[in-house]
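Data first, discussion second: the structure below is written as structure tokens.
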Amino acid sequence: MKANISISPAASLVHEDVEIVVDDLEYSTIHKLELRLIHKAGTSLVWSLQIKYLGVRFGGYFNCTPPVDLEYYLIVTDPRERKVCEKMFRRRLMYPTVQRIEVEESFPPDAGARPKVTGTIFKPPGTGPFPTIIDISGTGGGLNEQKRAALDSRGFVVLCLAFFKYKSLPEDLLTVELQYFEDAINYITSLPYTRDRIVFQGVSFGGTLVMFLTTKFPKIKAVCSINGSFAMDQFAHVRVNGKCPPIGIFKADGAHVKFLNDLMVYTDMVRNIELGEGADFEFKETSLVTAFRFVSALDDLSTPTIYANSYLSARLRDAGRKFEGFSKPTAAIQVFMEEASSKFGREPSASFRSISERRPLCQTI
């Protein structure tokens, strides 16, 4: 009898569990199951990768803008590496009934020459109001929609917000104004299907920036920083009323510069930046009910996320704010922000529980 692969459910979202069963294999024989992701760019998030297009390097940033289904290829081989059976299947980033709405709006309408609020809204079916998230990326700029669409499939309205290197927005990160983010907050909360209490989520420098934004805008009631740092610096910051705010400064002598495989490793550089007066985030200026979440990769060579999370946790504890943190052993991080939905409209729930009375999230290293 020929071996057969069955996958249930046949169509699923990326956050849903899938049951994979291989029947009728030869008894008492070791077989290998290899799962390949067929994608336009390289990634290390699965066991194996088959690049869909020629001329694309392995290890590229996993970008799905607009979101597309992920194609997987499961292969079963015997001890002689002979193919026994195979099956293709798909995983969706976005639920079919979710609306994807491209946005390029002047807000408020009399904003004049200010940059337009630019990005993509993902809206679930229905009239709402829905819990609302704004999601931003880091120093690479542009628009990265993949995890935003997955969040929307769990009942959130998500504004995937670009802030430079996209359409008519500035090309240079260091020219971006704080005002742009206030305009984005006011725009998304003005829509009839959203709420006036929002979550701000960011990755890399975006994770750093969301911490800064909480000290400026009280509508932010929860934040998730993914691999963020503990301060802005001279290479990654936004401007406030045309001026550079207090930031961290790298050592001029090049101390702590390291290279791995001819690539610069930034972790020691970032950890040892000198913080000027006011460069620390003033968490006492945040809303009393704002909750904070850190998600960090243990092997991040760009930002010392474990150190940063420990540093920021201590400051949040001193400010009497609610926070929690998660660390993963690899850079393959999946964030489950749906837990935050229970906190909208009231004080943060147990999903954003305070750990002020517990031991620190991690020891300073």
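We number each residue from 1, going along the chain as drawn.
A Cβ is built for glycine as well, from the same backbone N, Cα and C atoms used for every other residue.
Because TrEMBL annotations are produced automatically, they should be read as predictions rather than curated entries.
These numbers come from a predicted model, not from an experiment.
Broken down by DSSP into helix, strand and coil, the domain 'BAAT/Acyl-CoA thioester hydrolase C-terminal' (176-322) contains 45 helix, 41 strand, 61 coil. Annotation comment: TrEMBL describes 176-322 as domain 'BAAT/Acyl-CoA thioester hydrolase C-terminal'.
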Segment confidence, the domain 'BAAT/Acyl-CoA thioester hydrolase C-terminal' (176-322), expressed as mean pLDDT: 91
